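Reading through the structure tokens given below for one structure.
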Amino acid sequence: MKNCTLGNETDNSLISNAFGFLRFPLNFQPYSSDADWVITGVPFDMATSGRAGTRHGPGAIRQISTNLAWEGHRWPWHFDMRERLKVVDCGDLVFNFGDAQDMSDKLQAHTEKLLAAGKRCLTFGGDHFVTLPLLRAHAKHFGKMALVHFDAHTDTYANGSKFDHGTMFYHAPNEGLIDPQHSVQIGIRTEHDTNNGFTVLDAAQVNDRGVDDLVAQIKEIVGSLPVYLTFDIDCLDPAFAPGTGTPVVGGLTTDKALKMLRALQPLNIVGMDLVEVSPAYDQSDITALAGATIALDMLYLQAAKK
């Protein structure tokens, strides 16, 4: 239907714009809203190299988030984020199906418009390629940033196509969007280049080291730069997140990931995304629930500063 989607565009998708995260009402005029943070879904998986299906991720995250909406003074924060932070869900980005360039251009423009209006952005993928246009928009507004990146893969591979969910963090430093010397990749457990400047905290050491020790190192690496936080759900072990396109065994537990995430509160996080939830491969919605919980704790990170 027309006039009931982001940008007042006709959306013929069967999987977009169903309901808001955490039962937030959908707001299709986010630029003029009084929101502090705006949630946008990007149902895109054309850049996937393995199993597709992450286009259904935003819907799955929103649907399972209703299980989290009832809790007021949420554990372990002991306050209600909704009383401190104004959050709206503006639904899903509308773009031409089958046109990756159109998605990229529209996501960047949408994000730039939100940032110019004084909003901050939490984005649900979709595959991880969506982070690149998000970084382009944020870098225009904040300048070069530090990247805090949870993933099983570094996504710094130089041999991919223009639209590839494994190449974003090869292109981003080359475009001057992020500073690898002040960026950290967490949970990595696949082959990667060790000479590109990123600090890699591989899954083995993350699983063996304590949270306080790890977070102290992350804070030291990031320094005072504005931070973009991106969480690929395959950072988690497949026992906790089977519903993703490129699962890799030996990953983080949800407990370890959440404890690390919650400890990042002092960082100057200016943008966030949660990507690669693919519900077709999920079991009992545990991947979507992990994603929704991580996204909610991302918002609590911001509310805790109020």
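A Cβ is built for glycine as well, from the same backbone N, Cα and C atoms used for every other residue.
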Inquiry  = Among His128, His138, His171, which residue shares the Mn(2+) site with Asp151, His153, Asp155, Asp232, Asp234 according to Swiss-Prot?
reply    = His128
Ask   = Over all shown protein chains, what is the count of other CB atoms within 10 A of the CB belonging to His128 (Mn(2+) binding site)?
value = 31
Request  = Only counting partners 6 or more residues apart, tell me which same-chain residues put their Cβ under 8 Å from the Cβ of Asp151 (Mn(2+) binding site).
outcome  = His128, Gln185, Ile186, Gly187, Ile188, Thr230, Phe231, Asp232, Asp234, Cys235
Note = Densest Cβ environment (other Cβ within 10 Å) across the binding-site residues Asp155, Asp232, Asp234 belongs to Asp234
Request  = State the count of C-beta atoms found within 10 angstroms of the C-beta of His153 (Mn(2+) binding site), not counting that atom itself.
outcome  = 25
